[in-house]
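These notes are about the structure you will find just below.
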Amino acid sequence: MNQYHIYEAIGHGKCSTVYKGRKKKTIEYFACKSVDKSRKNKVLQEVRILHSLNHPNVLKFYAWYETSAHMWLVLEYCVGGDLRTLLQQDCKLPEESIYGLAYDLVIALQYLHSKGIIYCDLKPSNILLDENGHIKLCDFGLSRKLDDISKSPSTGKRGTPYYMAPELYEDGGIHSFASDLWALGCVLYECYTGRPPFVAREFTQLVKSIHSDPTPPLPGNASRSFVNLIESLLIKDPAQRIQWADLCGHAFWKSKINLVQLPTQPAFDDMIGINTKPCLSERNGDRPNKTPPKYREKDRKGGSKQNENSIQGSKGHETPIKGTPGGSKAQAKLPSRATEEKHGGRPAANRQVNILRLSRIAKANLQKENEKENYRRPLPNSNENCAEVKIDNTDMELDFDENNDDEGPDESEGTENTSCAQEERVMSHNENHRRQRVVSSNVPDENSSANETPTLGEARDCHEDQSEPMDMSAAPPSASPQLKTHRGRETSGVAVNHDSSKAPTSLTDVFWHISDLSVRPVMPSRKSDKEAVHSLSFETPQPSDFSKKGKQELEPLNNRIITVLSGSSSGLSEKQNLIRYLETLSTNADAANILTNGPIMLVLVKVLRLSKTPAFRVQIASLIGLLIRHSTSIEDDLANSGILDSLTNGLRDKHEKVRRFSMAALGELLFYISTQNEHKDFKPPESPSKETRSASGWQVSNALISLVSSVLRKGEDDLTQVYALRTIENICSQGAYWATRFSSQDLISNLCYIYKATGKQESMRQTAGSCLVRLARFNPPCIQTVVEKLSLKEIASSFVKGSAREQQVCLNLLNMAMIGSHTFTSFGRHLVTLTEEKNLFPSLLSIIEQGTEVLRGKALLFVAFLCKNSRRWLTNFFCNARFLPVVDRLAKEKDSYLQQCLEAFVNVIASIIPGMLDTITNDIQQLMTGRRHGPVSPLNSRAPVKTNAHLFPVVLHLLGSSSFKNKMVTPQVLRQLANLTKLVEASFQGRDDFRVTLLQVLECITGDAPLVTQNGEIIIREILPSLAAIYNGNKDGDARFLCLKIWFDSLTILLTECTEIEQQISEDLKSISNSHFLPLYPALIQDEDPIPAYAQKLLVMLVEFDYIKISNLLRHNTVSQCFEFLLGDLSSANVNNVKLCLALASAPEMESKLLSQLKVVRRIGNLLEFVNAKDMEDFLEPTLSLCRAFLLRSLGNKKGLSSNYTKEPTLLSEASFTFEVDPQECIRDIADFGSNIGLFLHFAGLDDDTSIAVADIASECVVLLLKAASREATTGFLTNLPKITPILDSWRRRKSTELHLLVLKRVLHCLGYACKQYLSQAMILSISGHDVSKINAIVSEMKNSDAAGLNSIASLVAMELQRLPR
C-alpha cells in the first residue's frame, strides 16, 4: 500500500473503512478499502468474484494487499457517492431520473446472472454513482455463485431484511435470480417514493408485512408501464415473479435490452418443485398437514388467520378451519391466484415462515457479537422481548445462520485474526456507520466430546453456543445468556460513555476506551451431541421445554439424572451420554440457571471430587464450566458445596486434560464471583497476605489466587495457560480489588515472559499483554515492574510488528508508562531507548492515518505523552510533512472517542509551546552573552541538548494546522514572540535562519483575522515596532518582505474588518504609522519587488483612514517618488500608485506649485489612454479622479475651491467661476489634457448603472477643462461632436436618474459654452453640418422636457447652435 497516498475516509463499515487514495506520481484516484483481518475469508470471497467481473456498471477491482493488521482492496473511485445518500438528500426521484438508474441496474444484474453470480445484497447503499450519473454495483461480500448454492443451499442466509425476498425467510428458501429481481423492485420503489415498499421498526413485523401485505400502490402520476414493472418485480411467489425474458422486453424500456444466455438454477428449481408437491409436512410442533393448501382463508373482517409466530402459504383446504363459519372449505370464495399475485399479494405455494425463530437467530447472532466485548456485562433494555430485533435503519444487515455458533476463531485467538470489536461500540448499531454488518465468515464445526483431546483451536471457540435443535416457534426462552443487572462494578478510570459535549481536561480523561475492558468466556463452547440424547433410557425434554417446567415437574427428571450420575449401576457410557445431554441443556440460559442452582450441580461437584476416571472427570469439569458460563445468576448456596475445592483439586491433577477443563471451569466461576463487586470502595490491605473476607458466601483465598497464577509458569500446558490468562484478564477488569490481589511479582514476570515468548501463539501473547494492561491500570505501581521486565523498546517493537489488538495493548502499556514516569528513578533512560526503534514513527503515522478509531485515538495520546516527556520528539512528528495533514483530517471523523482524544492531544501540544518558547528565549539570551554555543545534539543522543532553538520550526508547522492554530496563539505566546523579535535585532549564532522562521510564524498569525482582532493591542504595541527595526539594514530580501507583509496583513485586518477600534489602540496605530512606517517609506518604495507595491497600498490605506496626514507625508519629501511611476513603463503601474497620487493632489496641504513643477499632466493623459486601451476597470475611476484633482487645482487656490465650487454646471451662467484664480497655484501644463477630451466624452457616454459614476467624473472633467484651458478644450470638444450625439440621445433611450440628468446638463453646458468660445475667439475649425443638425434635433426635443432644469438649458444651447455657421 506504500504505492498510494491515502486521503480522507469516504465511507465506513462495521469492520472496514474506505479512503480516497491516489497512486503516487500519478493523477489516478482510487477507493482504498481497509478491512479488518478478521474478515479475511469474506474479503477473499469478494476478491474472487470481483476479479472475474468486467462491466461498466460493476465497480472495477484493481488489486488487493495484505498488511499486518488489514486487508486492502484497491477499487474504482466514484465521485457521485451512493444512492442511499442521494435519496437521503432528495427524498425521492422523478420517474425520468429513475429510468436511467433502472436501465443500468437491469443491465448490471443480467450481466452478473449470466456469469452465474447472485448478487444477494442489492440495496441503495451498494449502488454507487460515477461523475456521469451511471451506476456501479459494489460490495460483493454476500454474493454467491450458483454452483455454491447448489452444493450448500442452506448456507448464506444473510442480508438486509428490507430488501430480502419473501422466499428467503422461508424454510428451504434460497437466493436466486428471482430474489435479486425482488430487491430490484424494492430499490426502484424506494427511488420513487423515498422509502422501501414494506417498512417496520421490528423484524417480526417487517417479515409479516413482506410475506403477507399487498404491495402499497405508487403515489402520484406514475406511468402505467412503470407501475406494472414494480408490481411484476414485487410478486411474492418467486415462481410467478417476472423473469428475465419478460423483464428485458417490458414496455417500460424505451430502448431494447438484449436478453443474454443465462445458466440454469437447479437449486431454485428444486425449491420450486418442493413447494408445489401435493403433500407437505409442516414443522410446527411436529404436526403434519394432511393436505396441500392453496390459499389462506380470510376471517369475517377479511384478515388472514395465522399463527402469531409463523406465516404459512395457507391452511389445509380439505380440513375445516377454525374461525371459518360453519367450518366450510376455504377456497370456494377466494379470489383467483392470478388476481392476488397481480397485486403483489400472497404466495400461492405452501410455504412456512417461522418468524419468531428467525428473529431469535438474528438476535442471538447480534448478541454473540456483543459478547465478545461485553460478556457478563449488563446490557440495556434487558426486559424487552428477548426475541425481537429492533431495526434501526433500512440498511441494517442481519445474519440468519442458525449454525453460526462457533463461526470462527475467537477474536483474540486466531493466528491471523485481529479484534474487529475494537473498532465498535457496545453493539448499539452505531448510526455513524453506513453499514451495520453483523456477520462473519463461517468455518466448519465438528462435534467433540470432553474425553477427546482438544486442540488449541477448540480453546478458541468461546462464542455462545446456540446450536440447540429445538423448535423455536415455541414460547421464547432466552436466546443467549444475559445477566441480571449486577451491582455496578468499580469503574475507576473507565471512559465508557464518550460524551462529545463534555470537553476532556487532560490526557487521562480519555485514556481508556470500553474495549480496554472487554471480557470473553473462559470456557470453550461444546457442540451438542444429538445422538447421545436419543440413547438415554428416560424422556429428555428440549432445553426450551426444560426451562418452562416447574420445580415439581422437574423433580422426577432430576432424580433420574442424579441416579445415573451417582449410581454405581450406571455404566460409564450412560453417564457420558447424560453429560452430553446436560451440555445441550446448558446452552439455554434459563435451563443453565435451574441446573446450576439445583441439586444436579451439587452431585456434579461431588462426582468430580470422587471420580477416579480421568476421561469422566474431564467431562464433568467441562459440564460444570459450561453451566457456570451460561448461568446468569448463581446462588450463594453453591459456595458451600465445595465447588471451589473440587475445581482446585482438578487443577492440581496429574492429567493434563483434567487440569485444562478444571482451569476453564474455575475461571468461569472466579469471574462470576468477581462480578458480584462487593469491594467498590476497596483500599489495598496493609499486608498483601492478609485475607479480605467477602460479604457473600464466596471466599476466594490467596492460596487459590496463587494457584491460578502459578499455572502461567514456564512448562505448563499451553491450553491450560490460555484458560488461566482469560481468567486473569476477565477478573482484573473488575477493578482495583481483584487487580491488587493478582499483582504479584511472580505473576507479572510470568506474564511478561509469555508476552515476549516467540514460541507462543500470537493470541496467547496478546491476552498476556491485556492482563498486564489491566493489572497496571487498577494497580498503577505495577507499571514500573512491567517496564523493568519488558523494556519500552520491546513494547514499541511489538507495536510496530503486531496486529491491531496487540497494537492496542502496546499503546496502553506505553501510555501507562508515560503517565507513571514520575515513579521511575530515571525514566529518561527508558525513554531514550524508543529512539532506537526506527519504525516507531512510520507505524504511528500509519495508525493515525488508517487505523481503527480506538487505535487512532490512543496513538495520538502516545504522541502527546512522548512530546510532553521529551521535547526532542516534537520535531520528529510536527516537522514531518505528512503528520499534521493527517491530524487535520481526523477533525472530520464522527467517532466521539477519537474526537475527544484529538482535542486532548491538541490541548497538550498547545500547552507545551509556552514553556518551549521560554526555554528558547533563555537559550538565545545565553548565546548572545557567549555563555552557550549553538550546535544541537541529535535526537538519539544521550548527551544533554545544548540549545533548543532547533525546536522553533515546530511552532511554524503547528500554525499551519487548522487543528492547532487557534489553540496555540494566546496573548502569552504572542508576548513571547514579541520578545523574540526584540532579541533578533541583535546578533548571535544562527540568528538569520531563526529570524526568518520567526517572521514566517508571525506571518501565519497575522494572516488570520480573528487572531489579529483579538490580539490587536499586542501586535501594534509590541510586534510591529520591532519589525520596523528588523527591516532597517537587513540584507535578506525575504526577511525585509516578511516584515512589511506582517505590517500590511495586520493593519489591513484591523482597518477593514474591525467595526470599532478602541480609542487607545487607534492612537497607538496612528503613532506607529507615523513614527515607524512613514520613515521607512522612501526605502520601501526603492526596494525590490513586490515590496514597493505592498508599501504603496499600505500607505494609501493609512491615508484613507486618516492615520497618516498628507502633511506628515510631505515632510518626508516623498511627493516626487509617488509620481515617478508616470515617467516609466505604465504597464508596471499599480492602482495604488494612482490612489496615492490622487490623495496627494486632493489634499489641501499639498502645494499646487509642487504639482505644477512635476509636469506630469501629459503623462496622466497617457495613463488614461493606456487604461482605456487595456480595459483596466479598477484603474479607471482613480485615474479620472486624478485628472479632476489636477483640473480643480488649475482653477484657483485651495480655499476658493472648497468654498465656491459646485458640481452643478454653470458655464452658461453669468456668474460662472467668479472666484479669483491665483496664477501661482495653477497647473501650468493643464492644457495638455485638451488632447484627452475625446476620452473624457467617451467615458461620459457610459450610461449604464455600473458606469454612471465614471460618467459623472468624466463629464465634470470636461466642464473643468473648458474653463481651465478654453481654447484647447473647445477645439477638442467641437472636433468630437460624433461622441456627443449618443450622450444626448441617451435622454430618449432611458429613464433619467438624478446623476444621469447631471451628466446631460454638463454636456449641454459644455456644448453651448464651446459654441460661444468658437464664435468669440473666431476659431477656424471644420465642423460637420450633419453632426450639428443631429445634435440640434435632439436639443430641440429637450426643450419640451419636463425634467427639472433641462428644458431651460436646452433652449440656451439651441440658440448657440443656431449661431454656428453652416
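Backbone N, Cα and C atoms are what each Cβ position is placed from, and that goes for glycine too.
Since the structure is predicted, the reported quantities are computational estimates derived from the model, not experimental observations.
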Which of LYS33, LYS37, LYS40 belongs with ILE10, GLY11, HIS12, GLY13, LYS14, CYS15, SER16, THR17, VAL18 in the ATP site listed by Swiss-Prot | LYS33
Pick the one among the binding-site residues HIS12, LYS14 whose Cβ has the fewest other Cβ atoms within 10 Å in this structure.
-> HIS12
What residues in the same chain, six or more past the boundaries of the repeat 'HEAT 5' (878-907), come closer than 8 Å to it by Cβ-Cβ distance?
-> 7-9, 432, 495, 498-500, 503-504, 506-507, 509-510, 513, 841, 845, 848-849, 853-854, 856-858, 860-861, 863-864, 953-954, 957-958, 960-964, 967
Cβ under 8 Å to the repeat 'HEAT 10' (1072-1111), counting only same-chain residues 6 or more beyond its ends: which ones?
-> 1020-1021, 1024-1025, 1028, 1031-1032, 1037, 1040-1041, 1044-1045, 1047-1048, 1051-1052, 1055, 1117-1118, 1121, 1134, 1136-1137, 1139-1140, 1143-1144, 1147, 1149-1150
Roughly how many angstrom lie between the C-alpha atoms of VAL18 (ATP binding site) and ASP121 (active site, proton acceptor)?
-> 18
Counting across all protein chains, other CB atoms within 10 angstroms of the CB of VAL18 (ATP binding site) number 21
Distance from ASP121 (active site, proton acceptor) back to SER16 (ATP binding site), taken between C-alpha atoms, in Å = 17
Let me know the model's mean pLDDT on the repeat 'HEAT 4' (835-872).
-> 90
From the Cα of ASP121 (active site, proton acceptor) across to the Cα of LYS14 (ATP binding site), what is the distance in angstrom?
-> 16
For the repeat 'HEAT 11' (1279-1316), the number of residues DSSP places in helix, strand and coil | 32 helix, 0 strand, 6 coil
Relative to the Cβ of ASP121 (active site, proton acceptor), which residues of the same chain, six or more apart in sequence, are found under 8 Å away?
-> ASP139, PHE140, GLY141, LEU142, SER143, GLY159, THR160, TYR163, ALA183, GLU397
Compile a sequence-ordered list of residues in the same chain as ILE10 (ATP binding site), six or more apart from it, whose Cβ lies below 8 A from its Cβ; state 'none' when nothing qualifies.
-> VAL18, TYR19, LYS20, ALA31
Quick one: DSSP breakdown of the repeat 'HEAT 12' (1329-1366) into helix, strand and coil?
-> 28 helix, 0 strand, 10 coil
